[in-house]
Structures are given as C-alpha cells and as structure tokens.
C-alpha cells in the first residue's frame, strides 16, 4: 500500500532538501554526472534565479495589488494534469511500482538531459513531467504578457530573462509532446485581474522551479 499523497510529498521534498547539505554530500560516493544532465541542472538554476528576480520585481511594482505569498490565493495550474512529484520519486522511496505515477509514458525524451539510451523509466517519466509543467506555464505567461503589453499604463510585463530561461530548459529537455493550445480571448482584458493572476502564477511557478531544481540536483548526483 502506498503512503498518503500528502505524507509522500513532504517526505520527498525533505529527502531532496537533504541533498543540499554538505554533511550528507561528504558521505555520498562521488558520481560522474553526465554532461547533458549537468547542463540541465545549470538551466534549472538559471530559471530559479530568473523567476525569483521576476517575482521580487512584481511584488515591488504591484505592492498595492496584494502580491505577497500571504495575501494571494494560491493556485496550481498543473493540478490533475501532471504528476511531477510522483514521477520524480527518488529510488530510495520506491517500494513498489504502484507508488509510481500510474499513467503510461506517451512522451519520448531525447534531449540533452538524458545521458544515454539506458536512462531509466523513472528518469524519463520525471523529465517528461517537468517538461509538461514548464510548457503549461510558458503558455500561460505568454498569454498574460500579451495582455500586459496592451495596458496603457505599461506598469509591468514579464522579464524576458525568465521567458528565455523557460525556453532554454525546454529545449534541453526536448520532449516530443503535443503542443499546448493557447486560447485567444476576444474579451477586453481586465488589467487589474491580470496583474492579480500574474502574482498568483509567479508565486506558484517559483515553488515549482524550486522543486525542479532539486529534482535536477538529485538526478545529477545519482
């Protein structure tokens, strides 16, 4: 029987967080990371820095829009669409196959993140799920940025460094996947609601970027 989803999530993140501590790192055998995975780790670190800077600027610019983590209504646009935490479950926590993400892999990952064709099923599933997360956020951010650029006040728009960082990590993952459709709206944009949603998405994406960076660190070290 698998542990409860909430307990599993906490356990996974705690384990991944421990990998950051030098005391544990000294006790681990020194692996030889693949150049491809190391490249993806660099991209994930760049992405984390970019989203952190973008969020900080947004909180300063939109200080009257309730843009702090304590004030916003947290939302996960990937909920019920991807299962990154389960897909990236560390081998140390894998007791049986029923604890893995149940959906079959319909994606073929052939990007530079994979060291060879012998990459495990779990690694392929993990990287594919990360790719899907990034793709969904990329579509949302591009649609939102298009609205913000229409704002006569020109108060805020997305940092190109963050959009570039997303694109570079997507290219490194290079998953053959169905393109996420971008719904175009004919309605007059509500710039106030758009800026509120921007805050919500930036907070959610930073949390996801932290998770992705830890997953990449784990895969690079394993």
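Cβ from N, Cα, C; glycine included.
Taking all protein chains in view, 26 other C-beta atoms sit within 10 angstroms of the C-beta of residue 40 (disulfide bond). The disulfide bond feature in Swiss-Prot is assigned to 40-113 (among others); the stated evidence is similarity to another entry.
Sequence annotations record features per position, and here Swiss-Prot assigns disulfide bond to 67-199 (among others). Within the same chain, residues at least 6 positions away in sequence whose Cβ sits under 8 Å from that of residue 67 (disulfide bond) are 58, 59, 196, 199.
For 88-126 (among others), the entry in Swiss-Prot reads disulfide bond. Taking the Cβ of residue 126 (disulfide bond) as centre and 10 Å as the limit, one finds 27 other Cβ atoms among all the protein chains shown.
Counting every protein chain shown, 15 other Cβ atoms lie within 10 Å of the Cβ of residue 42 (N-linked glycosylation site). Residues or ranges marked as N-linked glycosylation site by Swiss-Prot: 42 (among others).
Look at Swiss-Prot and you will find 96 (among others) tagged as N-linked glycosylation site.
The N-linked glycosylation site annotation in Swiss-Prot covers 110 (among others).
What Swiss-Prot lists as N-linked glycosylation site is 183 (among others), and the listing cites sequence analysis.
The signal peptide feature in Swiss-Prot is assigned to 1-25; the stated evidence is similarity to another entry.
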Request  = Among all chains shown, work out which of the disulfide-bonded residues 88, 113, 199 has the most CB atoms within 10 A of its CB.
outcome  = 113
Query = Of all the disulfide-bonded residues given, namely 88, 113, 126, which is spatially nearest to residue 42 (N-linked glycosylation site) at the Cα level?
reply = 113
Task = Would you mind reading off the Cα separation of residue 40 (disulfide bond) from residue 88 (disulfide bond), to the nearest angstrom?
result = 15
